[in-house]
Amino acid sequence: MYRTARRASGGAALLLAATLVLAACGPQSQGGDDSTEESTSEGESESGDLMIVPSVQIDIDGAEVPAAEAGEPVDPAGDGSAECAEGTAIAVAGAFTGPNAALGLNIQYGAQLAVDAFNEANAGCQVELKPFDTEGDPQKATQVAPQIVSDDAVIGLLGPAFSGETAATGDVFNQAGLLSLTASATNPDLTGNGWTNFFRGLANDAVQGPSVAKYMTETLGYTSVCVVADNSDYGIGLAEQITSGLGDAANADCAPEVKTGDKDFSAAVQIISGSEADAVFYSGYYAEAAPFVQGLRDGGVDLPFVSADGVNDPQFVSQAGSSSQGAILSCPCGPAPEDFAATYEDANGQAPGVYSTEGYDLATIMLTGIASGVSDRAGLIDYVKDYSGEGLARQYEWDDTGELTSALIWIYEVE
Amino acid sequence: MSTTTPATPPSLPPAGRTATKDRPHGGVGDRFRLWWDALARPTQWLVGVPFLLFMAAVPLLNIPVLTTQGTDFGGVMAQFGMIALIAIGLNVVVGQAGLLDLGYVGFYAIGAYTVAILTSPDSPWNQTGDGMWLSREWAWLAALPVAVAITAISGLILGSPTLRLRGDYLAIVTLGFGEIVRLLADNLDELTGGGQGLRGVAYPRAGVTEDLPSGVFSAGNASGAVNSGVWWYWVSLVFIVVTLLFVGNLERSRVGRAWVAIREDEDAAEIMGVPTFRFKLWAFIIGASIGGAAGALYAGQVQFVIPTNFNIINSVLFLCAVVLGGQGNKLGVILGAFIVVYVPNFFLGRQTLFGIPIDGDEIASYKYLFFGIALVVLMIFRPQGIIPARQKLLTYGRELYVAARRSAARAAGRAPGRTEAAATTSGKESS
Amino acid sequence: MSTHDPGGIGAGSEHGDEHLAASGRADSEAADHYLPGADVDEPALIDVEEVRPELADPQLVDALVAPDRAVHARMGEPLLQMQGVTVRFGGLVALDDVTFDIRRGEILGLIGPNGAGKTTAFNAMTGVYRPTSGTVMFDGASLGKAKRFSITQRGIARTFQNIRLFNEMTALENVVVGTDARHRTSVPGALFRTSRHRREERDAIDRAMALLEFVGVGGRATEKARNLSYGDQRRLEIARALATEPKLLCLDEPAAGFNPAEKESLMGLIRHIRDDGYTVLLIEHDMRLVRGVTDRIVVLEFGRVIAEGTPDEVTNDPKVIAAYLGVPDAPESEETTDAPA
Amino acid sequence: MPALADALLTSATAGPLVHQSLIDFNIAGLGRNFWGLTVEGLTYGAIYALVAVGYTLVYGVLRLINFAHSEVFMLGMFGQYATLMLLGFSPSGNAYDKGILLTVLYLGIAMLGGMAVAGGAAVGLERVAYRPLRRRNAPSLVFLITAIGMSFVLQEFVHFVLPRLTGGTLGGVNAQQPIRLVQPEVQFSIFGAPVTNVTLVIIGSALVLAVAVDLFVNRSPFGRGIRAVAQDPVTATLMGVSRERVIMLTFLIGGILAGAAALLYTLRVPNGIIYSGGFVLGIKAFSAAVLGGIGNLRGALLGGLLLGVMENYGQVVFGTEWRDVVAFVLLIVVLMFRPTGILGESLGRARA
């Protein structure tokens, strides 16, 4: 008996391991045929064809702004004559591990492209990009921040990535006089702290929210919108801005809350399907938005689906499939130009995600500063303060508080 | 001859229950304990105080391998201080009274949120600022006792219905409680800021200079050897010492004996006149208030609270510190807390270890896997932890222990013949 | 003198052997973990008289062991009354209308064959079970719904058939837990070490050491309970129960697993306890022991009282002989299954 | 500090500072959607019930809360997912459309895969973690801490190690991209509540499995062994029942049902396949087991369905974000007022 028991359980364990490992090898050979031959779903277009396509640029009133006629974006490579001290470095801080790692990595990869291009062109100035992982956790960030500050080689910081950790560590960088150039922290309050070192490389939620809200009511003509918010800092903040921007068009009876990490949205779908709304705005991230929009469509709700930068990620389309078709996604981030996207994909094995272009642009700004002869922290802050130039995503120029002077929002559509 | 002698002929039954194999094995901890116990009180102070000073100086000494690379060492030590405090509190509940509390993070959260709700400008009940009751300078210190009191009350509220449950049920119910606290923090967004958290929590304004306009405890005090992390570490050291004194007083009293009796055999304890429910409740309340104090420290240091920091995974991490170090042993659980906090940070950002190239970040990210394995392996092979508990449960009577030690030493001197005697007893050993 | 004084005049050869064996054991344990010559991790025997000279005075020991001698005054009055006590478990009637008294200052034996309800009666008295009907009166008041710990505080203490000591505590600490039942300091007092707390702690240790000496385990006061010999563990249980200053001491088969010599000494101890003013209830299988030590005996069978009287009366009662003594060797077989070997 | 208390009081009663309703009560919503919510709740309840059986059987036999059972369920999700990949399916945003017959066949195979992995994991868990403790006669607290440790180990295995073994295809920090074989479609309505094909499959399969396991435990010789050990391990051993074998069988049955539940769950929640996806569901299933009476097989089934329904009502009445709180509070309330659950505790006595 004893021996059979052992054999049985040993066998079971083996089976477990075998199934899991085999499964990983299986689809590479079979998956291809399968999707082409057999996966015809609902007679709609296949998800493989769907893409997030930039459509228009809007201002704070929701009005369309003609595409920027501005010239060439600044090239991080410069003229190849930059000289700087050996060991000059810029830091990038954000979540590179943990559940929020995707956003941090997008920024890091974007910035790395700029740094690589710079280093390749400028033999006399090799800049290192030093990543500091905060896991997106404010307490962790308070331990990492002193580390960044005390690293004398670091003359500028790209980050922190999230609003929470930025709030927790802002004082550290401000007192150290270290440039803090964020590519993704969009909480409007951050620039109200009187920090002189903090600049935001994109529109904050106070711009995105009203812009998109006005775009929905004025341009798209919705009269009753269900605003669905997740419980993240970003989701709540944006939902507040959207709701107040929508005014009467925000459907007060239809504002279900969901949680990051939720997988099942039947209750929210039920609330929406029972309402008289004519559109749904989702304030949160793609990980929840994809199953959410799927749940909507499965539940027979065909209302237009609008969301913002947290959802504006290729993953959203690939996970939601045909349910994502027609979704309208805003983003303070600009579209990645095709050649940038190609280089990025070559280097990182994945398409640029949200904030990749910001990471690239902001790193480029710091690199041009270094190329122009800036060699210390104070100098870089001054350089950024007075900077004005074109990036991949937009025109960069900051006001006294550290916000962009002209912050426009891009509208994308899944088609 | 005493008159008691006839009643008590000292006949030992042959079955000597020495039970060597299931007795907690000694090792370094025991040796240290023997040495320590033998010292006189003043000598203990003479040894203890410099050791404490050394511990306080650790973040300043910049010890080569010890100092972390990827994160600020002062910050790591500050976190260690808080987790150590938590471990001491959880140890009262788990180690001493034997109540498995998987929702301990809930008390930590309540402590942190109490301070934040009272002092954060984002909170509707903010008591700081113009025309309010608390000045920014003293707000943290004033909120601290409130936090401790409120967590103590919440321990009472949670404990009074649930402590009548059996041990394993209690574990699950407390787990549920921990989750409920986090979900409340998440859902009551009018009060707690929900997922946005509460910013700008007050901290002690001390050591304000021109360079440091917001004092040494501010997160802004980041450069130099004595940064805010070090200051918070020192504050937690003070908390730890005070807590250890109080918990030690309790341990060497009726209360500590009641706890251990409950842990050993609850029914027997009750029949021996121990009001078990009352003392379990006390254990819960005391554990909770220590957790609350740690939460208040956290809120002050990070100056920002958000529900995700109070995940259930932290409860298990705390438990890991207690189990790893040695349930019931106060110094052991502090060591456990150090391991739990320090080891992942040690690897973070480290590319080489003793010349061998390693991917420290990768290793650090496996921490929960390693801690999980450590829990399982410890439970199977060494359930008593690294430093097993030998609690002293009596306020007086040290002379008895010293006498026993002396006579043991005398007996050890009689080396010849003892093996023979041992053989005869061990041969008759009962199971 | 202390019974464990190795140099004592009265120490016979038996004593000496025991000491050798005992210290040898401590050493062998030490040898398991440490290099030869290193310190020993388990305390060995304590020379109690050296540490606590005052305990050499038996009068003082007795005074400490039995501080409340007033009980002698009302000798013979009922202390505990079982009045028609019935205990049911589901359909099973474990005790059926049981009525008997325990009188002050006596040693009462409660006997009966296996499953007769002895332990159930015992548990009904000590609050482990609540009677389905009937009442248990103690010292003039019903035990009613009193909590188990408060029953102890009212003056009933017990030992356990299968020893239930606090194994990780030392012998001394085990006994001090018993004395705690009479203490009034709680968390605040202990937290700030009030004077009452310090007085109670000091008194507790004095009394506990006296109790350990009284039952003959004084030399092993600092040994963990689990490391004591089986006989010492039984004695320690008695000391712990006495520590709660009971009016009634209930012993649940205290001689289980003892050899005749040990039983003999236990009988002496029980008598001494009674002489100190305690009332004793004894549950025991061994008729010889029961007959030798008790003043009265109550016999249970199938949950009912079938006989009550002096040892001689009971042992000559035909009902009892039929029910209990008629089965030869029953006590012996019982003993072997109970013995922890 | 009375001043502070005053301030707290005034700000609490002052109104504008604190929104009048920290929690909204929406009783009307419950009435409006009552039947729809019931159907939805039963769907979840059926899944809870199947997982709860694992807790209840192990508890009945070993008096042990197998805290890591939630991870067995999680591995079951990965097992059925891996099986689908072996069958040639790849993750896609859209549902495959294979026709009823083939879909049922594929689902059946996937369910077997999930059962095999979960069953194997449960037995392996017993062998690796619990048996050494049983040998050492460890106290229940030690079992529980070990179970928590194993729960961590299994989660982190899928979180970090599995993606390495499978080249990133399985496991990792993010949820698996769903493979959907069934597109939910409304089949008919009961009292105005739409019933989808997914709901039908889940409730139907769960019922069949529940009846099967009930028959197995009550009628088969193996089941008799289980009940015997649950009732009185010593006597059962004396009567020739192998305790170790019964224990293994118990874990196996629990694991198999968790594997089946895993497939049903992913039908309903295709995005739920993630390393952390079992944890909360496990606690809920445990609550279900307690609700029905832990150690009682039919109690687990009843408790599961009840919990699913009540949780669903709760999330409409209090708001969707309170869903988990409803389940946890229910657990605490049950334990406080009727710790033996609705049907009583014993596996043996309550005729399982």
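Including glycine, each Cβ sits where the backbone N, Cα and C put it.
Note that TrEMBL annotation is computational and uncurated.
It should be emphasised that the depicted structure is a prediction, and the values quoted were computed from it without experimental measurement.
Feature list (source: TrEMBL):
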COMPBIAS  B:410-425  compositional bias 'Low complexity'
REGION    B:1-25  region 'Disordered'
REGION    B:410-431  region 'Disordered'
TRANSMEM  B:45-67  transmembrane segment
TRANSMEM  B:73-94  transmembrane segment
TRANSMEM  B:99-118  transmembrane segment
TRANSMEM  B:138-157  transmembrane segment
TRANSMEM  B:231-250  transmembrane segment
TRANSMEM  B:281-298  transmembrane segment
TRANSMEM  B:304-324  transmembrane segment
TRANSMEM  B:331-348  transmembrane segment
TRANSMEM  B:363-381  transmembrane segment
Between the stretches B:231-250, B:281-298, B:304-324, B:363-381, which wins on the count of C-beta pairs under 8 angstroms to the transmembrane segment (B:99-118)?
B:281-298
Please check if the transmembrane segment (B:45-67) comes into contact with the transmembrane segment (B:231-250), where contact means 3 or more CB pairs closer than 8 Å and the residues in each pair are separated by 6 or more positions.
yes
Top stretch among B:138-157, B:231-250, B:281-298, B:304-324, B:331-348 for CB pairs under 8 A with the transmembrane segment (B:363-381)?
B:304-324
Tell me whether the transmembrane segment (B:138-157) sits in contact with the transmembrane segment (B:281-298), defined here as at least 3 Cβ pairs under 8 Å among residues 6 or more apart in sequence.
yes
Looking only at residues six or more beyond either end of the transmembrane segment (B:231-250), which have a C-beta under 8 A from one in the stretch?
52, 55-56, 59, 74, 77-78, 80-82, 84-85, 88-89, 92, 204, 207, 216-217, 221, 256, 286, 290, 293-294, 297, 300-301, 330, 334
Count the CB pairs under 8 A between the transmembrane segment (B:331-348) and each of B:73-94, B:281-298, B:304-324, then give me the winner.
B:73-94
